[in-house]
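Report on one structure; see the data block that follows.
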Amino acid sequence: MYMTLSRKKWREGTLLIPILLFLCVFFLIPLAGLLLRSLTEPSFGLQNFEQLLATSTYVQVLSNTFLVATLVTVISLVLGFPLAWCITLMPNGWGRWLLGVILLSMWTSLLARTYSWLVLLQTSGVINKTLMAIGIIDEPITMVHNLTGVIIGMSYIMIPFVVLPLQACMSAIDPMVLQAASICGAPARTVFFRIFLPLCKPGLFSGALMVFVMSLGYYVTPALLGGVENMMLPEFIVQQIQTFLNWGLASASAALLIILTIVMFYFYLKVQTDSPVSTNTGA
Amino acid sequence: MSLQTNNGTSSHSPLVCLQSLNKEYGNFTAVDHINLNIQKGEFLTFLGSSGSGKSTTLSMIAGFETPTSGEILLNEHSLIQIPSHKRGIGMVFQHYSLFPHMNVRDNIGFPLDIRKIPKAERDKKVDDILKLVQLETFADRRPSMLSGGQKQRVAIARALVYEPDILLMDEPLGALDKKLREDLQDELRLLHKRLGITIIYVTHDQDEAMRLSERIAIFKEGKIVGLGTGKDLYRKPPNAFVASFLGSSNFLKVKVSGPNSATFEGQTIQLDSEHDVPFNQQALLMIRPENLQVLSEDQATQSPIQTDENEAFGTVNESVFLGESLTCSITTADGSLVTSKSIATDLPEIEPGAKVRLRWKVQHSSVYSKWERSDIEKDAS
C-alpha cells in the first residue's frame, strides 16, 4: 500500500522535469558560472574571499549590511505585529480592506515609493519643516543619505512581508483558545505571552526570515536613501562590477550572500520543526 | 428571592444565583431577565435550540459576555465586575480549545502553572487527573495527535484540575459521533457522581439533557420556559412548548366545561385536577404518544373503560412497525391527527382504515390555556 503510494508519487514527480530543466538552464547554470568566477578570477584560489574578509572597508560594508538587515527585521516585526493583529481583529470586511491597502502599497512602484521617502526625509523635506515649525527641533535632522534613511525606507517596504504571513497565522488561531486560557485563570498578559505569542511563532519566524534575507540583498532603497560612506553589500557588488570590472570580488560577495541565506534557512528549518498553525483549531 | 432567608446557612443558599439577568445586542434580546438558582453539586442542563440564549447565559457566567443588566452571584458574591480569569470557574468548550503548542501534560498543568503551584504538587495533580480521565499514556502527545474523544477528555481534565467551584460545559460532545458521545455521556455522569462537582451543561440535544442532568432548564427566546427534573418536565410539561420540545406529543383542541371536565369532539372527557383555563374556553390537551392506547372495536367491548380513562374515536391512517414499538397515525372523528406509540410485543395487526378507540388515563394528559401555533406545529414542520 505504502509502496504503491510512493511509486505513484514518484511517477507524478516526473511531471516536474520541465520546470526543473528550465530552472537548471536559466538559473542554476548561470548562478554556478557566476559563483565560479569568485574562485577563478583573476586566478584560481580563495583570494577574493580573503580580500573581502580582511580589508577593513569591506568588512565595514558587511557589518553595515547585517546591521541594517537586523534593524529592519526588528522594526518590521515591532510595527508589523500590531498591524497584523489589528487586521485580524477588525470586524467583518474591514480587515480585508486594510489588507488591500497594504497590498496596494506593495504594488506601487518601488522607485516611486523610495523617492517619496526622499522628499519626506530630506533636509528641506516635509518632516523636517514640520518639526521645525512646531519647534521640536531648531535645525534640520539629517535623515537621508545615511543608514537612518536606509532603515526607515526599507522598514516601510518590508512591513507587508511581515504582516502577510503573520496575519495568516493569527487568523488561524482559534479565539476560543484564548478564552480557554482566560477561564483557566490566566490574566491578559499571560494569555498573550504564554498562548498568543507562541501560536504566532511560525508567522513571526517566516516573516522575519523573509525580511532579513531580502534586506541582505536589497539594492534600490539603500542606493537612493543611503550615503556613499555607508555602503551595503549589493551596492558594493554593483560598484565592483560597474566601476572596477572586478568580477571576482563581486562574485565572492554574491557567494557570501547566498551562503549566509542558506545558513539562515537551515537554522530556520531547525527551529521551526513543527507548525502549530495547522493544528490550531485543535481539531 | 432566595437571598431573603436570613437564617440560611451556606449549605442552603444556592451556589450560583442569576437574578434578572439580561443581555441585549442592539434591539435583539438574547437573554431576557432570567432568574435561576443553581445548587451546589447539581448537574443542571440548559436545553434549547440555537439562538435561545443558553450559550449567551453560559458566556455571561464565564465572564466572556457582560450582562446588559442583572446580577450573577457565586457564593453570594457578585461576579459582574470580576474578569473571567479571576472567577475560578472551569469550562469545557465545544471545539475543545486545547493549546495546540503544548502537550497534554502541559495543557492540563497550565491552570496550575498560572496559580504558581509548586512543581511536585503540580505534577502529582496532573498525574492524578490524567488517571481519572484515563489518558496516562497520552501525556506527552500534542493535541493534534489525539482523537476527538481524547481531546475532550483532556479539556475536561484541564477544567477540573484546579478544582473550580463550577464546571461550565458548552455543548462539549457536539462535535463527536453518536457512539462516542454516548460513551462520554456515561463517563461524565459517573465523574459528576464521583467528584460531586457542580456542572452547568449546555446542549440542544434533549436525549443528552435527559441522560445527564438532574435538572433541566429549557430556554426559548431568551427565557427559561421550563425548569425541573427531566421526568417532571416530560410527564407534566409546564407549557405546550416544553411538551413539544421535549419528546413528541399529541395536541387536541378541547373546550373546558368544568373544573375537571372538557368537551372533545362533542364528547365529555375528564381533565387532570386543577387547571387555570376559564370555563367555555378553548384549551389544548396534550397526551404523549406512548400514553395513548389504541383498541379495536372488539377489544374495546371486551375491556370496559376504567373510571380514570377517557375515550375517543378514530380511524387508522397508517401503522408502522419499528421493531421495539409500533406507531399508529390516527385521525379522530373530527379530523385531528394523533400518533400513538406502543410496545410491540404482542400487538394485533392494526390495518389502515380500521375504526379504533383511543384511550388515555386522566393523569397522563396536560391542559394548556395559552399556546402559539409554532409550539404545537414543531413536529409537523
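Backbone N, Cα and C define each Cβ position, glycine as well.
Marked as domain 'ABC transmembrane type-1' by TrEMBL: A:62-268.
If you look up TrEMBL, you'll see A:15-36 (among others) marked as transmembrane segment.
Nonlocal intrachain contacts for the transmembrane segment (A:66-87), taken as residues 6+ away from its ends with a CB within less than 8 angstroms of a stretch CB, comprise 95, 98-99, 102, 147, 150-151, 154-155, 158-159, 161-163, 166-167, 170, 200, 203-204, 207-208, 211-212, 215-216, 222, 232. Here TrEMBL flags A:66-87 (among others) as transmembrane segment.
Summarising the annotation, TrEMBL assigns transmembrane segment to A:94-111 (among others).
Look at TrEMBL and you will find A:117-137 (among others) tagged as transmembrane segment.
The transmembrane segment annotation in TrEMBL covers A:144-164 (among others).
Residues annotated as transmembrane segment in TrEMBL: A:176-197 (among others).
The transmembrane segment annotation in TrEMBL covers A:204-225 (among others). Outside the transmembrane segment (A:204-225) by six or more residues, the chain places 65-66, 68-70, 72-73, 76-77, 80-81, 110-111, 114-115, 117-118, 121, 144-145, 149-150, 152-154, 157-158, 161-166, 169, 231-235, 238, 257, 260-261, 264-265, 268, 271-272 with a CB less than 8 A from a CB of the stretch.
For A:245-269 (among others), the entry in TrEMBL reads transmembrane segment. Away from its own ends, the transmembrane segment (A:245-269) comes close to residues 34-38, 40-42, 48-49, 51-52, 62, 205-206, 209, 212-213, 216-217, 233, 236-237 of its chain (Cβ-Cβ under 8 Å, at least six residues beyond either end).
Highest Cβ pair count under 8 Å relative to the transmembrane segment (A:94-111), across stretches A:15-36, A:117-137, A:144-164: A:144-164.
Cβ atoms under 8 Å from those of the transmembrane segment (A:144-164) belong to residues 64, 67-68, 71-73, 75-77, 79-81, 83-84, 87, 99, 102-103, 105-106, 110, 113-114, 117-118, 121-123, 125, 207-208, 210-211, 214-215, 218, 221-222, 224-227, 230, 232 of the same chain, restricted to positions at least 6 beyond its ends. Long-range contacts of the transmembrane segment (A:117-137) within its own chain (CB-CB distance under 8 A, at least 6 residues past either end) are made by residues 143-144, 149, 152-153, 156, 224-225.
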